[in-house]
Amino acid sequence: MSSQNTSASSSSSSPPQTQYTAFRQAEKHFKNRAHKGHLPSIRKYLPTLVDLSRPRSGGQEEDPVWKAGWWSPENDVDPASVPDGKKKNSKGKEREKGERPEIDYSDLERIKLSDGRKGYIVAPGCILIPQYLSIDQQLELLHSALAEYTRPPNPLSISTHYDLPPNLFDLYATAPNTLVEPKHLHQQHAQQQRANSEPTTDQDGSKAEQQPTKARGRQLIETEPASVLGYEEIVARNKTWTGDIPSDKLGIKTVEQVTREMRWANLGWVYQWSTKSYDFSRDKPIPFPPQLAAICSEVVSSVPWGEVFSGQSPDAKCGWENWPKDYAPDTGIVNFYQIKDTLMGHVDRSELDPARPLVSLSIGHAAVLLLGSASRHDPPRPIIIRSGDCLIMSGSGRQAYHGVPRILEGTLPSHFELSPADSDSFSTSSTVKAAKQFIASARININARQVFPPGFTRPTSSK
């Protein structure tokens, strides 16, 4: 917002102005870690909060979010207003858990999926299906995300900077102290070897001075939606892209360290983060995991899309009638969150069909998802998204800002905990155990989407 909002000429009766949009204010609230031991208040957003996967049987005592203290009345007190003496006296004291409030969902439209499950329309075109994944499916996807989806040729967030072993997660499970070198060290070694064997010369025969190449920083690029640019324009713009340059600031690290630094794995068509577009230089995408594709296609085909879009204006028509039979994800991102990680509010708009469903699956710790509108100025709806939940964003909902400002620490479901049976059993593979160790302080989100609308033919001259 413009700094003019804080102008002294404003009327004294005007509401307080802020430089932050409503979406950014919510982000800052949940991200706040300024006061050690203090958790941001969830109750502050109770009027619009969604928490559809909270355990029903056993009451709040069986709810990891409640047990972790996220409904404590202490969270509703501004820590800056508490005298220092009171802060010292409360040190080491167990947090009062308080009462988990009931939530009014009367404003949410409920739909029935073809398999009998319930879904809820949490925003235009956005459907939340609580606990869509069974416990077994969650455990299988956890293992796949780490042990399979991180293998070549799938690019990882750390691929640019490190010479990674192809069996990265196998080593994480069996030899976590294995050393991994950053790419810039290999480049330096290669350059040194060339310099020693074949000195370069200027035209006058003198030895040329070796000039270090300065690494380019990643530029923030604002692009138009792919549906506006079109396929050929995207290809033309990407012809000048030569790849990201490895950081020259990194040192040798262990497999365990670089695995914990990993933030994403790319599935299917490769997304270029620097240009915010897909790499169409390949004839075909990297094969998309068939098991994941089946889960996503099945959930899309089970949604009664006619009910989802029944109340929307005719100009919101987006071809939903065909999704149950022709939705086929061909790209996706596996996001690996450590406990203190966040995902800033954004809109995914790099697919040529801007309305086709984006399917998002959650595994591990619960998190706060902020789901807004096409404007950052509109207040977002906070959703406590839990392991097993499925969120589908489609139609105009694909243009909605969304982000994850907080992983809710202490909320890992018990089925992810490493049990004595896991530790003692010879039948439990090392990677299964390692996956549970990884998720003990993490959250994984797997999202899938479809780049090309059905029937689209890529021009051969543009490939």
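Positions of Cβ are set from backbone N, Cα and C atoms, glycine also.
In TrEMBL, annotation is done automatically, which means it is predicted and not curated.
As annotated by TrEMBL, region 'Disordered' applies to 1-23 (among others).
Marked as region 'Disordered' by TrEMBL: 52-102 (among others).
As annotated by TrEMBL, compositional bias 'Basic and acidic residues' applies to 84-102.
The region 'Disordered' annotation in TrEMBL covers 184-222 (among others).
For 194-213, the entry in TrEMBL reads compositional bias 'Polar residues'.
There are 24 other Cβ atoms within 10 Å of the Cβ belonging to HIS402 (Fe cation binding site). Look at TrEMBL and you will find HIS346, ASP348, HIS402 tagged as Fe cation binding site.
Taking the mean position of the Cβ atoms of HIS346, ASP348, HIS402 as the Fe cation site, the remaining residues of that chain whose Cβ falls within 8 Å of it are GLY345, VAL347, ALA400, TYR401, GLY403. Within the group of binding-site residues (HIS346, ASP348), the Cβ with the highest number of other Cβ atoms inside 10 Å belongs to ASP348.
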